[in-house]
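Going by Swiss-Prot, these are the annotated features:
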| type | residues | note |
| --- | --- | --- |
| BINDING | 133-184 | ATP binding site |
| BINDING | Glu273, Asn275 | Mg(2+) binding site |
| DOMAIN | 107-303 | domain 'ATP-grasp' |
Amino acid sequence: MKVLVIGGGAREHALCRSLSLDPDVTALHCAPGNAGIAEVAELHQVDALDGAAVTALAGRLGAELVVVGPEAPLVAGVADAVREAGIPVFGPSGEAARLEGSKAFAKDVMACAGVPTARSYVCTNPAEVDAALAAFGAPYVVKDDGLAAGKGVVVTDDVEAARAHANACDRVVVEEFLDGPEVSLFAVTDGENVRPLQPAQDFKRALDGDEGPNTGGMGAYSPLPWADPKLVDEVVQSVLQPTVDEMRRRGTPFSGLLYAGLAITSRGVRVIEFNARFGDPETQVVLARLKTPLAGLLMAAATGNLADLEPLRWSDEAAVTVVVASHNYPGTPRTGDPITGLDEVAAQDAPHAYVLHAGTRAEGDAVVSAGGRVLSVTATGADLTEARDRAYRAVARIGLDGSQHRTDIAAKAAGA
(Lines of atoms letter the chains of each structure in order from A and count residues from 1; the text may use other names and numbers.)
(Lines give C-alpha, C1' and ligand atoms only; values in the text may rest on other atoms or scores of the structure.)
Protein backbone atom coordinates (compact mmCIF):
# COMPACT_ATOMS: atom_id res chain seq x y z
CA MET A 1 0.00 0.00 0.00
CA LYS A 2 1.31 3.46 -0.96
CA VAL A 3 0.47 6.01 1.74
CA LEU A 4 0.71 9.81 1.74
CA VAL A 5 0.58 11.62 5.10
CA ILE A 6 -0.22 15.34 5.16
CA GLY A 7 1.38 17.42 7.91
CA GLY A 8 4.69 18.11 9.52
CA GLY A 9 4.45 17.81 13.30
CA ALA A 10 5.28 15.20 15.92
CA ARG A 11 1.80 13.72 15.44
CA GLU A 12 2.60 13.11 11.78
CA HIS A 13 6.03 11.72 12.70
CA ALA A 14 4.28 9.28 15.06
CA LEU A 15 1.86 8.30 12.28
CA CYS A 16 4.70 7.90 9.78
CA ARG A 17 6.77 5.88 12.25
CA SER A 18 3.91 3.44 12.82
CA LEU A 19 3.15 3.24 9.10
CA SER A 20 6.84 2.62 8.30
CA LEU A 21 6.76 -0.39 10.63
CA ASP A 22 3.64 -1.80 8.92
CA PRO A 23 4.59 -4.58 6.45
CA ASP A 24 1.58 -3.72 4.29
CA VAL A 25 3.03 -0.26 3.52
CA THR A 26 5.24 -0.48 0.44
CA ALA A 27 5.88 3.25 -0.03
CA LEU A 28 5.51 6.08 2.48
CA HIS A 29 5.35 9.77 1.58
CA CYS A 30 4.78 12.89 3.67
CA ALA A 31 4.07 16.51 2.75
CA PRO A 32 5.61 18.72 3.92
CA GLY A 33 7.12 16.64 6.75
CA ASN A 34 10.12 17.65 8.86
CA ALA A 35 13.73 16.64 9.51
CA GLY A 36 12.74 13.55 11.50
CA ILE A 37 10.01 12.33 9.18
CA ALA A 38 12.58 12.44 6.36
CA GLU A 39 14.23 9.39 7.96
CA VAL A 40 11.15 7.19 7.42
CA ALA A 41 9.27 8.79 4.50
CA GLU A 42 9.96 10.60 1.24
CA LEU A 43 9.16 14.29 1.68
CA HIS A 44 7.31 16.54 -0.77
CA GLN A 45 6.79 20.29 -0.63
CA VAL A 46 3.12 21.16 -0.99
CA ASP A 47 0.70 23.62 0.57
CA ALA A 48 -1.19 21.40 3.01
CA LEU A 49 -4.21 23.73 2.80
CA ASP A 50 -4.46 23.44 -1.00
CA GLY A 51 -6.80 20.55 -1.74
CA ALA A 52 -6.06 20.59 -5.47
CA ALA A 53 -2.30 20.49 -4.87
CA VAL A 54 -2.58 17.67 -2.33
CA THR A 55 -4.84 15.70 -4.69
CA ALA A 56 -2.45 16.21 -7.60
CA LEU A 57 0.47 15.01 -5.48
CA ALA A 58 -1.47 11.94 -4.34
CA GLY A 59 -2.32 11.11 -7.96
CA ARG A 60 1.26 11.60 -9.10
CA LEU A 61 2.54 9.28 -6.36
CA GLY A 62 -0.14 6.66 -6.97
CA ALA A 63 -1.17 6.95 -3.33
CA GLU A 64 -3.70 4.34 -2.28
CA LEU A 65 -4.42 6.07 1.04
CA VAL A 66 -4.06 9.70 2.10
CA VAL A 67 -3.93 10.51 5.82
CA VAL A 68 -4.60 14.15 6.73
CA GLY A 69 -3.00 14.96 10.08
CA PRO A 70 -3.63 18.59 11.14
CA GLU A 71 -6.95 20.28 11.76
CA ALA A 72 -6.52 23.27 9.43
CA PRO A 73 -6.39 21.24 6.17
CA LEU A 74 -9.40 19.21 7.32
CA VAL A 75 -11.50 22.29 8.04
CA ALA A 76 -10.32 23.71 4.70
CA GLY A 77 -11.81 20.68 2.93
CA VAL A 78 -8.61 18.98 1.79
CA ALA A 79 -10.07 15.53 2.49
CA ASP A 80 -13.08 16.42 0.30
CA ALA A 81 -10.84 17.19 -2.67
CA VAL A 82 -8.91 13.93 -2.30
CA ARG A 83 -12.11 11.93 -1.83
CA GLU A 84 -13.70 13.48 -4.93
CA ALA A 85 -10.71 12.25 -6.95
CA GLY A 86 -11.56 8.69 -5.91
CA ILE A 87 -8.59 8.25 -3.57
CA PRO A 88 -9.32 6.77 -0.11
CA VAL A 89 -8.63 9.39 2.55
CA PHE A 90 -8.52 9.17 6.33
CA GLY A 91 -10.02 12.39 7.60
CA PRO A 92 -13.46 13.99 7.75
CA SER A 93 -15.03 16.32 5.22
CA GLY A 94 -14.70 20.05 5.77
CA GLU A 95 -18.33 20.16 6.87
CA ALA A 96 -17.89 17.31 9.37
CA ALA A 97 -14.63 18.84 10.65
CA ARG A 98 -16.73 21.74 11.95
CA LEU A 99 -17.01 19.59 15.08
CA GLU A 100 -13.57 21.03 15.79
CA GLY A 101 -13.69 24.14 13.62
CA SER A 102 -16.64 25.65 15.50
CA LYS A 103 -17.26 25.05 19.19
CA ALA A 104 -20.76 26.47 18.80
CA PHE A 105 -21.50 23.89 16.09
CA ALA A 106 -20.14 21.11 18.32
CA LYS A 107 -22.38 22.25 21.18
CA ASP A 108 -25.40 22.11 18.86
CA VAL A 109 -24.52 18.58 17.73
CA MET A 110 -24.08 17.46 21.33
CA ALA A 111 -27.41 18.97 22.35
CA CYS A 112 -29.21 17.16 19.53
CA ALA A 113 -27.41 13.88 20.27
CA GLY A 114 -27.95 14.04 24.04
CA VAL A 115 -24.21 14.05 24.73
CA PRO A 116 -23.27 15.26 28.24
CA THR A 117 -21.27 18.49 28.16
CA ALA A 118 -20.84 21.75 30.06
CA ARG A 119 -23.65 24.29 30.07
CA SER A 120 -22.67 27.17 27.80
CA TYR A 121 -23.60 30.36 25.97
CA VAL A 122 -22.46 31.44 22.51
CA CYS A 123 -21.53 35.14 22.69
CA THR A 124 -20.89 37.64 19.91
CA ASN A 125 -20.69 40.95 21.82
CA PRO A 126 -19.44 42.29 25.18
CA ALA A 127 -22.91 42.46 26.74
CA GLU A 128 -23.54 38.78 26.02
CA VAL A 129 -20.08 37.89 27.36
CA ASP A 130 -20.68 39.80 30.61
CA ALA A 131 -24.06 38.12 31.10
CA ALA A 132 -22.57 34.66 30.53
CA LEU A 133 -19.62 35.28 32.86
CA ALA A 134 -22.01 36.47 35.56
CA ALA A 135 -24.26 33.44 35.07
CA PHE A 136 -21.50 30.89 35.63
CA GLY A 137 -19.11 32.73 37.96
CA ALA A 138 -15.47 31.86 38.56
CA PRO A 139 -13.46 29.99 37.40
CA TYR A 140 -14.36 31.54 34.07
CA VAL A 141 -14.03 29.43 30.90
CA VAL A 142 -13.89 31.34 27.59
CA LYS A 143 -13.26 29.55 24.29
CA ASP A 144 -12.58 31.03 20.87
CA ASP A 145 -15.24 29.55 18.59
CA GLY A 146 -12.73 28.77 15.84
CA LEU A 147 -9.38 27.02 15.48
CA ALA A 148 -6.59 28.36 17.69
CA ALA A 149 -3.90 25.63 17.69
CA GLY A 150 -4.86 24.51 21.18
CA LYS A 151 -4.38 27.98 22.63
CA GLY A 152 -7.85 29.49 22.22
CA VAL A 153 -9.12 28.60 25.69
CA VAL A 154 -8.74 30.72 28.82
CA VAL A 155 -9.61 29.38 32.27
CA THR A 156 -9.19 32.07 34.90
CA ASP A 157 -10.50 33.51 38.17
CA ASP A 158 -9.85 37.00 36.79
CA VAL A 159 -13.00 38.33 35.15
CA GLU A 160 -11.03 41.05 33.33
CA ALA A 161 -8.73 38.45 31.76
CA ALA A 162 -11.80 36.48 30.69
CA ARG A 163 -13.33 39.61 29.14
CA ALA A 164 -10.09 40.52 27.38
CA HIS A 165 -9.84 37.08 25.76
CA ALA A 166 -13.47 37.22 24.66
CA ASN A 167 -13.06 40.70 23.19
CA ALA A 168 -10.08 39.52 21.12
CA CYS A 169 -12.28 36.93 19.38
CA ASP A 170 -15.16 37.36 16.94
CA ARG A 171 -17.32 34.76 18.63
CA VAL A 172 -16.76 32.83 21.85
CA VAL A 173 -18.34 30.06 23.86
CA VAL A 174 -18.55 30.83 27.58
CA GLU A 175 -19.23 27.76 29.67
CA GLU A 176 -19.37 26.45 33.20
CA PHE A 177 -16.14 25.16 34.71
CA LEU A 178 -15.87 21.37 34.81
CA ASP A 179 -14.12 19.84 37.80
CA GLY A 180 -12.16 16.58 37.72
CA PRO A 181 -9.29 15.08 35.72
CA GLU A 182 -9.22 15.33 31.94
CA VAL A 183 -8.96 12.40 29.53
CA SER A 184 -8.38 12.25 25.79
CA LEU A 185 -10.12 9.39 24.00
CA PHE A 186 -9.67 8.86 20.26
CA ALA A 187 -12.01 6.81 18.11
CA VAL A 188 -11.55 5.69 14.53
CA THR A 189 -14.84 5.81 12.64
CA ASP A 190 -16.05 5.17 9.10
CA GLY A 191 -19.12 7.35 9.62
CA GLU A 192 -21.17 4.56 11.14
CA ASN A 193 -18.98 2.20 13.16
CA VAL A 194 -16.75 3.35 16.02
CA ARG A 195 -13.49 1.75 17.19
CA PRO A 196 -12.12 3.41 20.32
CA LEU A 197 -8.38 3.59 20.91
CA GLN A 198 -6.80 3.61 24.37
CA PRO A 199 -7.32 6.69 26.58
CA ALA A 200 -4.48 9.08 27.34
CA GLN A 201 -3.95 12.17 29.44
CA ASP A 202 -2.11 15.24 28.18
CA PHE A 203 -0.64 18.25 29.95
CA LYS A 204 -1.80 21.51 28.43
CA ARG A 205 -0.15 24.09 30.69
CA ALA A 206 3.37 25.27 29.94
CA LEU A 207 4.85 24.85 33.42
CA ASP A 208 5.15 22.19 36.11
CA GLY A 209 2.19 21.84 38.44
CA ASP A 210 -0.20 22.86 35.66
CA GLU A 211 0.92 26.48 35.94
CA GLY A 212 1.47 28.99 33.15
CA PRO A 213 -0.40 29.58 29.89
CA ASN A 214 -2.17 26.97 27.79
CA THR A 215 -0.15 25.32 25.03
CA GLY A 216 -0.75 22.78 22.30
CA GLY A 217 0.37 20.15 24.85
CA MET A 218 3.61 19.56 26.78
CA GLY A 219 3.42 15.80 27.31
CA ALA A 220 1.15 12.80 27.67
CA TYR A 221 0.91 9.27 29.01
CA SER A 222 -1.10 6.08 28.54
CA PRO A 223 -2.66 3.96 30.04
CA LEU A 224 -4.47 5.72 32.89
CA PRO A 225 -4.10 3.53 36.00
CA TRP A 226 -6.59 5.66 37.94
CA ALA A 227 -9.40 5.51 35.37
CA ASP A 228 -12.48 3.30 35.68
CA PRO A 229 -12.00 0.17 33.50
CA LYS A 230 -15.50 0.78 32.11
CA LEU A 231 -14.66 4.34 30.99
CA VAL A 232 -14.03 3.55 27.32
CA ASP A 233 -17.25 1.58 26.89
CA GLU A 234 -19.20 4.31 28.68
CA VAL A 235 -17.79 7.04 26.44
CA VAL A 236 -18.49 5.03 23.28
CA GLN A 237 -22.12 4.57 24.33
CA SER A 238 -22.83 8.05 25.72
CA VAL A 239 -20.58 10.26 23.58
CA LEU A 240 -18.89 8.81 20.51
CA GLN A 241 -21.59 6.65 18.93
CA PRO A 242 -24.38 9.22 19.49
CA THR A 243 -22.21 11.94 17.92
CA VAL A 244 -21.36 9.81 14.89
CA ASP A 245 -25.05 8.89 14.53
CA GLU A 246 -26.12 12.55 14.74
CA MET A 247 -23.58 13.62 12.12
CA ARG A 248 -24.84 10.90 9.78
CA ARG A 249 -28.45 11.96 10.45
CA ARG A 250 -27.52 15.51 9.40
CA GLY A 251 -26.19 14.26 6.08
CA THR A 252 -22.58 15.07 6.98
CA PRO A 253 -21.16 11.73 8.13
CA PHE A 254 -17.94 11.96 10.13
CA SER A 255 -15.28 9.58 8.83
CA GLY A 256 -11.79 9.67 10.31
CA LEU A 257 -10.53 10.28 13.82
CA LEU A 258 -12.98 11.66 16.36
CA TYR A 259 -11.19 12.90 19.46
CA ALA A 260 -13.22 13.49 22.61
CA GLY A 261 -11.66 15.72 25.24
CA LEU A 262 -13.38 14.67 28.45
CA ALA A 263 -13.67 15.78 32.06
CA ILE A 264 -14.35 13.06 34.63
CA THR A 265 -16.48 15.18 36.95
CA SER A 266 -18.26 14.46 40.21
CA ARG A 267 -21.46 14.26 38.11
CA GLY A 268 -20.00 11.87 35.53
CA VAL A 269 -18.26 12.16 32.17
CA ARG A 270 -18.64 15.49 30.36
CA VAL A 271 -17.30 16.49 26.93
CA ILE A 272 -14.97 19.49 27.01
CA GLU A 273 -14.39 19.57 23.27
CA PHE A 274 -14.26 17.54 20.09
CA ASN A 275 -11.34 17.47 17.71
CA ALA A 276 -11.47 16.10 14.18
CA ARG A 277 -7.99 14.57 14.11
CA PHE A 278 -5.38 12.77 16.17
CA GLY A 279 -4.31 14.85 19.18
CA ASP A 280 -0.74 15.97 19.69
CA PRO A 281 0.97 14.81 21.97
CA GLU A 282 -1.49 12.02 22.87
CA THR A 283 -1.02 10.30 19.50
CA GLN A 284 2.62 9.71 20.36
CA VAL A 285 1.74 7.53 23.39
CA VAL A 286 -1.38 5.89 21.95
CA LEU A 287 0.39 4.69 18.79
CA ALA A 288 3.37 3.54 20.87
CA ARG A 289 0.99 1.00 22.46
CA LEU A 290 -1.03 -0.01 19.36
CA LYS A 291 -0.06 -3.48 18.08
CA THR A 292 -2.64 -3.67 15.28
CA PRO A 293 -1.04 -2.55 11.97
CA LEU A 294 -2.02 1.08 11.46
CA ALA A 295 -2.48 1.18 7.67
CA GLY A 296 -5.22 -1.44 7.65
CA LEU A 297 -7.09 0.34 10.44
CA LEU A 298 -7.01 3.70 8.67
CA MET A 299 -7.89 2.16 5.31
CA ALA A 300 -10.88 0.34 6.83
CA ALA A 301 -12.20 3.66 8.12
CA ALA A 302 -11.51 5.43 4.81
CA THR A 303 -13.37 2.79 2.80
CA GLY A 304 -16.31 2.15 5.14
CA ASN A 305 -15.19 -1.33 6.17
CA LEU A 306 -14.49 -0.83 9.86
CA ALA A 307 -17.10 -3.40 10.89
CA ASP A 308 -15.03 -6.13 9.22
CA LEU A 309 -11.83 -5.30 11.11
CA GLU A 310 -10.64 -7.65 13.84
CA PRO A 311 -10.54 -6.30 17.43
CA LEU A 312 -7.65 -3.92 18.02
CA ARG A 313 -4.61 -5.31 19.83
CA TRP A 314 -2.68 -3.35 22.44
CA SER A 315 0.62 -3.64 24.27
CA ASP A 316 0.47 -4.03 28.04
CA GLU A 317 3.34 -1.56 28.29
CA ALA A 318 2.98 2.05 29.33
CA ALA A 319 4.09 5.02 27.23
CA VAL A 320 5.15 8.55 28.15
CA THR A 321 6.01 11.47 25.89
CA VAL A 322 7.74 14.69 26.96
CA VAL A 323 7.67 17.73 24.68
CA VAL A 324 10.82 19.81 24.29
CA ALA A 325 9.81 23.35 23.31
CA SER A 326 11.65 26.42 22.08
CA HIS A 327 12.56 29.43 24.17
CA ASN A 328 9.51 31.67 24.81
CA TYR A 329 6.89 29.07 23.76
CA PRO A 330 3.86 29.44 23.73
CA GLY A 331 4.73 33.01 22.81
CA THR A 332 6.62 33.74 19.62
CA PRO A 333 9.30 31.02 19.69
CA ARG A 334 12.95 31.48 18.95
CA THR A 335 13.95 29.33 15.97
CA GLY A 336 17.11 28.37 14.11
CA ASP A 337 18.95 26.94 17.12
CA PRO A 338 20.92 23.71 16.52
CA ILE A 339 19.68 20.54 18.20
CA THR A 340 22.24 18.08 19.57
CA GLY A 341 22.03 14.64 21.14
CA LEU A 342 19.62 13.05 18.65
CA ASP A 343 22.17 10.45 17.51
CA GLU A 344 23.03 9.74 21.14
CA VAL A 345 19.39 8.96 21.96
CA ALA A 346 19.15 6.69 18.91
CA ALA A 347 22.35 4.86 19.91
CA GLN A 348 21.79 4.51 23.64
CA ASP A 349 18.04 4.58 24.30
CA ALA A 350 16.42 2.77 21.36
CA PRO A 351 14.16 0.89 21.00
CA HIS A 352 12.53 1.82 24.31
CA ALA A 353 12.91 5.58 23.78
CA TYR A 354 12.94 7.59 20.59
CA VAL A 355 12.56 11.17 19.37
CA LEU A 356 9.65 12.36 17.24
CA HIS A 357 10.23 15.65 15.45
CA ALA A 358 7.81 18.58 15.33
CA GLY A 359 9.25 22.04 14.71
CA THR A 360 12.55 21.00 13.11
CA ARG A 361 14.28 21.42 9.78
CA ALA A 362 17.50 20.18 8.25
CA GLU A 363 20.20 22.79 7.72
CA GLY A 364 23.18 21.18 6.04
CA ASP A 365 24.20 18.28 8.26
CA ALA A 366 22.53 19.86 11.29
CA VAL A 367 18.97 19.78 12.60
CA VAL A 368 17.69 23.12 13.89
CA SER A 369 14.56 24.31 15.67
CA ALA A 370 11.80 25.65 13.43
CA GLY A 371 8.77 26.06 15.69
CA GLY A 372 7.39 26.24 19.21
CA ARG A 373 7.11 22.58 20.08
CA VAL A 374 10.31 21.10 18.69
CA LEU A 375 10.50 17.44 19.75
CA SER A 376 8.38 14.76 21.42
CA VAL A 377 10.61 12.38 23.33
CA THR A 378 8.63 9.14 23.68
CA ALA A 379 9.39 6.04 25.73
CA THR A 380 7.74 2.77 26.68
CA GLY A 381 8.21 0.59 29.74
CA ALA A 382 6.66 -2.14 31.84
CA ASP A 383 4.85 0.58 33.80
CA LEU A 384 4.59 4.35 33.86
CA THR A 385 7.56 4.67 36.21
CA GLU A 386 9.88 2.85 33.82
CA ALA A 387 8.50 4.64 30.75
CA ARG A 388 8.85 7.98 32.50
CA ASP A 389 12.43 7.30 33.60
CA ARG A 390 13.39 6.30 30.06
CA ALA A 391 11.76 9.38 28.54
CA TYR A 392 13.52 11.81 30.86
CA ARG A 393 16.84 10.02 30.46
CA ALA A 394 16.54 10.62 26.71
CA VAL A 395 15.45 14.24 27.21
CA ALA A 396 18.61 14.84 29.24
CA ARG A 397 20.76 13.88 26.23
CA ILE A 398 19.19 16.54 24.00
CA GLY A 399 20.74 19.97 23.68
CA LEU A 400 18.74 22.98 22.47
CA ASP A 401 19.70 26.44 23.68
CA GLY A 402 16.93 28.03 25.73
CA SER A 403 14.65 25.00 25.45
CA GLN A 404 12.03 24.14 28.02
CA HIS A 405 10.15 21.05 29.10
CA ARG A 406 7.96 20.00 31.99
CA THR A 407 9.53 17.71 34.58
CA ASP A 408 6.27 16.32 35.98
CA ILE A 409 4.73 14.48 33.01
CA ALA A 410 2.95 11.36 34.36
CA ALA A 411 4.56 11.90 37.78
CA LYS A 412 1.32 11.73 39.77
CA ALA A 413 -0.02 8.73 37.83
CA ALA A 414 3.30 6.92 38.29
CA GLY A 415 3.33 7.72 42.00
CA ALA A 416 6.59 9.65 41.61
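Note that Cβ sites are derived from N, Cα and C of the backbone, with glycine treated the same way.
If you take the C-beta of Ala161 (ATP binding site) and look for same-chain residues 6 or more apart in sequence within under 8 angstroms, you find Tyr140, Val154. Using Cα positions, the member of the binding-site residues Leu133, Ala168, Glu175 nearest to Glu273 (Mg(2+) binding site) is identified as Glu175. Within the set of binding-site residues (Glu175, Glu182, Glu273), the lowest number of other Cβ atoms found within 10 Å of a Cβ is recorded at Glu182. For the pair Glu175 (ATP binding site) and Asn275 (Mg(2+) binding site), the Cα-Cα distance reads 18 Å. Here the CA atom of Asn275 (Mg(2+) binding site) lies 15 Å from the CA atom of Glu182 (ATP binding site). Remark: of the binding-site residues Leu133, Leu147, Ala168, the most isolated position is Ala168 (fewest other Cβ atoms within 10 Å of its Cβ).
Mean predicted confidence for the domain 'ATP-grasp' (107-303): the pLDDT average there is 95. DSSP assigns Glu273 (Mg(2+) binding site) to a strand in the three-state reduction. Close to Asn275 (Mg(2+) binding site) in the fold, though at least 6 residues off in sequence, lie Glu71, Leu99, Glu100, Leu258, Tyr259, Gly261, each with a CB less than 8 Å from its CB. Counting Cβ atoms from all protein chains shown, Val154 (ATP binding site) has 22 others lying within 10 Å of its own Cβ.
The Cβ of Tyr140 (ATP binding site) has 26 other Cβ atoms within 10 Å, all protein chains considered.
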